[in-house]
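Notes for the one structure printed next.
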Amino acid sequence: EEAVFLRKKITLLRAFSLLIGSMVGSGIFISPKGVLKNSGSVGFSLVVWFACGLLSMFGALSYAELGTRITKSGGHYVYILETLGPLPSFLFLWAEFFAIRPANSAVVSLAFGRYMLEPFFAPCTAPVPAVKLVSLLGYYMVLTLNSWSVTWSARLQMALSIVKLSALALIIVPGMMLLFQGHTENFQNAFDRQWLVLDKLPLAFYAGMFAYSGWFQASFVREELVRPERNIPLAVIVSVITVIVGYMLTNVSYYTVLGMQDVLASPAVAVSFVQRAFKSLISVVPVLVALSCFGTMNGGIFTFSRTLFVASREGQWPPLFSMIHIRRHTPLPAVMLMFPLVTAMVCIGDIYHLMNFFSFSRWLFIGLATLGLIVHRQRHPEVHSPFKVPLFVPVSFTIICLFTVAMSFYSDPVNISIGCTVVLSGFPVYYLIIHRQMSSRCHSLFCKYHLTHKLQLLLEVVQQEIKTY
C-alpha cells in the first residue's frame, strides 16, 4: 500500500551516535597491545595514537566533502566508482566482501566474546571455544536486529554510544587520579629506542587506525541521512575530536597503571587495568567493553549492507541484494549475506592476524577514495560543494595511506600477500562477468527467473520503488 524504499531516519544525533558507536569499540581495548608491540616503547606508542587520530581527521574531512559532492550511499565503493571508474570500485567490493568486512567483523566479534566471558574465568583466560561461541551468538543477535528494523538499530546505537563513553570514563578517571598523585614511573625512558624497529611501524599504524576506523560510516548511509550537507561534516568533526581526546587519555591511563610488559602480556588490556586499579568494578568494565564491541558490530552490519545494496543497484552485484523487505523496509538480503563468511573467520581466526590481513586492503582503497576526491575536483570544477577542505588534507592522507600500505609488505609479508591476492583475484571475475556481461540466457536463468525469484518470494523483498538521491 506504500512505496518501498529506505527512509530518511538518520538524524544528526543518530549520525553522531553511529560514528561514535563505530569508532569506540573493540579497538581501544585490544589495539594498545598491537600499537605498543610494533612501536617499541610507551612514548612512541602515544605518538602513533595521536598521529592515527590526526590522520583519521584528515580522512574524515575528505570523506565529508565527498559526501556533499556525491549524493549516493555506499561509502568507499560509490566514491571510487564515481571518481576512478568501475574496475577499482569492483575490486574494492570484491576485497570488502571476501576479506575486509568479514575479517573486521570477526575481530570485533572475538573481542566481544573475550570481554563478555573474562569476568567469569578471571584470573584465568577464557577457553577459546567458549569465546568463539559467545562471539557468534553476539554477531547473530546484531544480524537479526538489523534485519528487523532500521529504527531500532539506530536507537540501539545511540544507547550503546553512551555505554561506550561510560566505559572510557571508567578507565580514564582512575588513571588520571593516579597520574596526578605522582605515579609516573611507567613513563620513565618513554622514548627508549631499544625495541624500535622501523619496518614494524606500519603494523603499529594499522592497529591504531583500526581503533579509529568508523569515521567513514556516515558516508555509507548518505541517502538515509536527514540534511546530509549539514549533518555529515558536523557529525564527523565532533565525533572524531571526541574520540581522539578519549583515546589519548585512555592510553595514558593504561600506561599509568600497567607497565609496558603488563600491556604486552595481557589478552584483554582493559580487564588487566581494572584488576590493578579499580577492583570494585572488576565485573562491570568488561561487560561495558563487550557492549561497546556489540555497538561496533551493529554499526558495521548497518553500513556494509548499504554498500552491497548500492553495488547491486549499480549492476556490479546480483540484483537480489538491492531489494528491500516489503514491511520492515530493511535491505534484508544484503544484511544476511555476511553470515557464512564471518562465521568461518570467527571459527578459524586469530585477532591480530585477522587485523593485519584486512588492514592492507582497507587502507589501500580508502587511500584510493581520497585520491578520487582530488581527481573529481580536477575533472568537475563546476560541482558546487557546501563543504570543502584545503587540498593538502586529501593529498596528505592519500600519500600516507599508500605509503603505509607499501611499507606493510616488509612488516608482515604473509598476511599482506594474502590480502593482495584477494584483491587481485577480482580482476578475472570483473572481466568475465561484469565487463563482458553474462549472456542473456545465462542472466535470465540465474538472475531473473529462477534463483533470484525464489529467494525474493522466500525473503518477501522487492526492488526499491523510488530513488532517494
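Just so it is clear, glycine is given a Cβ too, placed from its N, Cα and C backbone atoms.
Bear in mind that TrEMBL entries carry predicted annotations, made automatically and left uncurated.
Note that the structure is a prediction, hence the values are computed from the model and not measured.
Long-range contacts of the transmembrane segment (12-30) within its own chain (CB-CB distance under 8 A, at least 6 residues past either end) are made by residues 107-108, 111-112, 115, 154, 157-158, 160-161, 164-165, 167-168, 210-215, 217-218, 221, 225-227, 230-232, 234-236, 238-240, 242-243, 246-247, 250, 268-270, 289, 292-293, 295-300, 302-303, 351. According to TrEMBL, the transmembrane segment annotation covers 12-30 (among others).
The transmembrane segment annotation in TrEMBL covers 42-64 (among others).
The transmembrane segment annotation in TrEMBL covers 76-100 (among others).
According to TrEMBL, the feature transmembrane segment maps to 120-142 (among others).
Among the features that TrEMBL reports, transmembrane segment is placed at 162-183 (among others).
Taken from TrEMBL, the feature transmembrane segment covers 203-221 (among others). Sequence-remote contacts of a segment are chain residues at least 6 beyond its ends whose Cβ falls under 8 Å from one of its Cβ atoms, and for the transmembrane segment (203-221) they are 10, 15, 18-19, 21-25, 27-28, 31, 33-35, 37-39, 44-45, 48-49, 51-53, 55-57, 59-60, 63, 66-67, 73-76, 79, 104, 107, 231-232, 235-236, 239-240, 243, 247, 296, 299, 302-304, 306-307, 355-356, 359, 362-363, 366, 404, 408, 411-412.
The transmembrane segment annotation in TrEMBL covers 233-257 (among others).
The transmembrane segment annotation in TrEMBL covers 277-297 (among others).
The transmembrane segment annotation in TrEMBL covers 332-354 (among others).
The transmembrane segment annotation in TrEMBL covers 360-377 (among others).
Summarising the annotation, TrEMBL assigns transmembrane segment to 389-410 (among others).
Tertiary proximity for the transmembrane segment (416-434) is limited to same-chain residues at least six positions away from its ends with a CB under 8 Å from its CB atoms, namely 86-87, 90-91, 93-95, 98-99, 315-316, 356-361, 364, 408-409. For 416-434 (among others), the entry in TrEMBL reads transmembrane segment.
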Task = Give the one range among 120-142, 233-257, 389-410 whose Cβ atoms make the most pairs under 8 Å with those of the transmembrane segment (42-64).
result = 233-257
Ask   = What stretch in 120-142, 162-183, 233-257, 360-377, 389-410 has the biggest tally of Cβ pairs under 8 Å against the transmembrane segment (76-100)?
value = 360-377
Ask   = Where else in the chain does the transmembrane segment (120-142) make close Cβ contacts, counting only residues six or more beyond its ends and a cut-off under 8 Å?
value = 105-106, 109-110, 112-114, 267, 271, 275, 282, 290, 293-294, 297-298, 301, 339, 342-343, 346-347
Remote residues contacting the transmembrane segment (389-410) - C-beta distance under 8 A, at least 6 residues beyond either end = 55, 58-59, 61-62, 64-65, 199, 201-203, 205-206, 356, 359-360, 363-364, 366-367, 370-371, 373-374, 377, 416-417
Ask   = Who are the long-range neighbours of the transmembrane segment (162-183) in its own chain, taking Cβ under 8 Å and residues 6 or more past its ends?
value = 20-21, 24-25, 28, 246, 249-250, 252-254, 256-257, 270, 273-274, 277-278, 281, 284-285, 288-289, 291-292, 295
Tertiary contacts of the transmembrane segment (360-377) (same chain, 6+ residues out, Cβ under 8 Å) = 59, 62-63, 65-66, 69-70, 76, 79-80, 82-84, 88, 91-92, 95-96, 99-100, 104, 206, 209, 213, 216, 383, 391, 394-395, 397-398, 401-402, 404-405, 408, 415-416, 419-420, 422-423
